[in-house]
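Undergrad: I have a structure here, written as structure tokens, and I will follow up with some questions on it.
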Amino acid sequence: MSQPELYDVTIIGGGPAGLYSAFYCGMRDMKTKIIEHNDRLGGKVLLYQEKMIWDIGGMTPLNGEQLVENLIQQANTFDPTFVFKQRIQYMERLENGHIRLTAETGEVHESKTVIIAAGSGVLVQRKLEIEGAEKYEVSNLHYTVTSLEQFKGKRVLISGGGDSAVDWANEIAPIAESVTIVHRRDMFGGLERHVRHMKEVAEVLTPYALTTLHSTDGSMINSVTISNVDTEEEETLFVDEVIVNHGVHGDHGLLREWGLDMTQYQIYCNKFMETELPGVFCAGDTALHEGKLRLIAGAFVEAGLAANAAKTFIDPEATKAAYVSSHNERFKEKNKELQQQQRVGV
Ligand SMILES: Cc1cc2nc3c(=O)[nH]c(=O)nc-3n(C[C@H](O)[C@H](O)[C@H](O)COP(=O)(O)OP(=O)(O)OC[C@H]3O[C@@H](n4cnc5c(N)ncnc54)[C@H](O)[C@@H]3O)c2cc1C
């Protein structure tokens with residue numbers, strides 16, 4: 001096995017906390033790698049790309065997709081190394097004090113420090129428990145909504161009753177031919193006024209469960225069978241698109257065996273984002289401490305703290321925090337470029 005390149009800091013997870021950590025580690029002049037299990041960056045925000053986000057300081061409302069774009073652009077400021085489709089499962093301390101991370105796929109990474117920004121773990125969509133359903137995932141069976149456009153003029157069936165199912169019903173209804181929501185219970189998640197609105201704009205069938213998918217050509221779902229959970233009475237509905245919103249759950253996998261003090265989803269850390277393992281820090285939804293603010297804004301603060309802690313772990317003489325960006329030498333050349341672009345109106 002060839003020796004992996006050594007990094008100052010390796011960030012596990014490419015959600016908001018990981019991306020902002022990458023930027024901040026760059027500001028602290030650390031050689032940075034970010035490893036993401038998905039083939040895309042953005043973390044949980046990818047679950048609500050079309051939703052508007054209002055509660056990030058200094059950002060007027062922007063949707064999830066725009067936020068992810070901005071975060072990626074910012075993370076790229078100091079050219080970190082990105083690694084995709086690798087789920088880190090093992091962490092071990094080498095004799096020289098460095099940390100070795102091993103992915104499920106067998107790839108090995110070596111780093112002086114690690115920031116765990118793994119959210120609630122790898123997100124696993126609760127899938128439809130209907131045999132053969134997966135073959136329609138490339139056509140008209142959806143577990144998330146990436147574009148509203150694809151539902152324009154369509155007969156859309158949504159299975160599920162959580163906040164997301166309610167929100168998608170409300171958002172799709174104005175452009176779809178019809179929206180039918182099928183749910184096992186008469187209780188729906190989300191704000192009362194959203195549920196009320198959903199009942200006005202969508203046909204709501206409870207207590208029903210989706211039991212069979214039918215296709216005339218084997219490639220697209222054309223109709224479904226739903227069954228009344230109490231009476232077992234069945235109905236057939238003709239549909240163009242099916243959205244399943246049965247929720248997601250996080251899975252930290254073998255990270256739980258790294259010797260960290262953890263709850264099911266979170267790692268205990270101190271106010272500097274230090275875990276009990278030397279050189280291992282955490283940020284974002286993964287991190288648990290007394291002052292926890294479980295918001296993207298909170299993740300940004302933790303990312304900065306984790307990056308500063310990683311820097312001083314490597315170099316105890318380094319300043320405790322990065323110098324403010326407005327007067328930071330690291331941006332001198334980049335500022336010249338930006339000012340030049342502004343002058344020529346690019
Ligand atoms: C529906 C919804 C709406 C929300 N709305 C808002 C809002 O309006 N405002 C707000 O502030 N917050 C909101 N949040 C919360 C916000 O999305 C989270 O706080 C934020 O995404 C946390 O970022 P993170 O980087 O810590 O974790 P995540 O976004 O969960 O990212 C973690 C990343 O780590 C990866 N990963 C996990 N384990 C591994 C591993 N072992 N190896 C490699 N990669 C791994 C995952 O694939 C994931 O990409 C919302 C959350 C949800 C679910």
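Heads up, the Cβ atoms here are built off N, Cα and C, so glycines get one too.
Bear in mind that the values here come from a model prediction, so they are computed numbers and not experimental data.
From TrEMBL, for reference:
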type    : residues                                           : note
DOMAIN  : 7-299                                              : domain 'FAD/NAD(P)-binding'
BINDING : Glu36, Lys44, Tyr48, Ile88, Leu123, Asp285, Ser326 : FAD binding site
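Mind mapping these onto the model and telling me what they sit next to?
TA: Take the CB of Leu123 (FAD binding site) and look out to 10 A: across all protein chains shown you find 17 other CB atoms.
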Undergrad: If you count Cβ atoms within 10 Å of the Cβ of Ile88 (FAD binding site), leaving out that atom itself, what do you get?
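TA: Summing over all protein chains shown, Ile88 (FAD binding site) has 26 other Cβ atoms within 10 Å.
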Undergrad: When DSSP is mapped onto helix/strand/coil, what comes out for Ser326 (FAD binding site)?
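TA: Ser326 (FAD binding site) sits in a helix per DSSP.
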Undergrad: For the FAD binding site, please report the maximum Cα-Cα distance among Glu36, Lys44, Tyr48, Ile88, Leu123, Asp285, Ser326 in Å.
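TA: Across Glu36, Lys44, Tyr48, Ile88, Leu123, Asp285, Ser326, the widest Cα separation comes out at 37 Å.
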Undergrad: With the Cβ under 6 Å from ligand 1 as the test, give me the qualifying entries from the binding-site residues Glu36, Lys44, Tyr48, Ile88, Asp285, Ser326.
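TA: Cβ < 6 Å from ligand 1, in sequence order: Glu36, Lys44, Tyr48, Ile88, Asp285.
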Undergrad: Identify, in sequence order, the residues in the chain of Glu36 (FAD binding site) that are 6 or more apart from it along the sequence and have a CB within less than 8 Å of its CB; answer 'none' if there are none.
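TA: Same-chain residues close to Glu36 (FAD binding site) (Cβ under 8 Å, separated by 6 or more) are Gly13, Gly14, Gly18, Phe82, Val83, Phe84, Lys85, Gln86.
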Undergrad: What does DSSP call Leu123 (FAD binding site) in the simple three-state scheme?
TA: strand
